[in-house]
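Trainee: Feature annotation from Swiss-Prot assigns disulfide bond to Cys50-Cys63, Cys51-Cys59, Cys55-Cys62. Summarising the annotation, Swiss-Prot assigns 4-hydroxyproline to Pro61 and lists similarity to another entry as the type of evidence. Look at Swiss-Prot and you will find 1-16 tagged as signal peptide.
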Amino acid sequence: LGVLLPICLLLFPLTALPLDGDQPADRPAERMQDDFITEQHPLFDPVKRCCDWPCNAGCVPCCF
């Protein structure tokens with residue numbers, strides 16, 4: 001088992017598996033676009049790097 005596992009990982013690396021596509025890490029361009037939209041939001045505080053209350057879906061993360 002100690003030899004079989006490394007051989008299988010070399011032949012079939014986990015990175016070769018298809019991603020599900022619904023995670024933010026799977027969509028870096030959209031993630032960057034979301035950050036840009038947040039920074040342009042009127043409730044966004046650039047010093048604290050969060051949104052003042054009342055926060056809504058257009059501005060994340062909220063300052064607590």
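Cβ atoms here come from the backbone N, Cα and C positions, even for glycine.
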Trainee: Give the residue from the disulfide-bonded residues Cys50, Cys51, Cys62, Cys63 that has the most other Cβ atoms within 10 Å of its Cβ, counting over every protein chain displayed.
Mentor: Cys51
Trainee: Counting only residues 6+ apart in the same chain, whose Cβ is under 8 Å from the Cβ of the residue listed as '4-hydroxyproline'?
Mentor: Cys50, Cys51
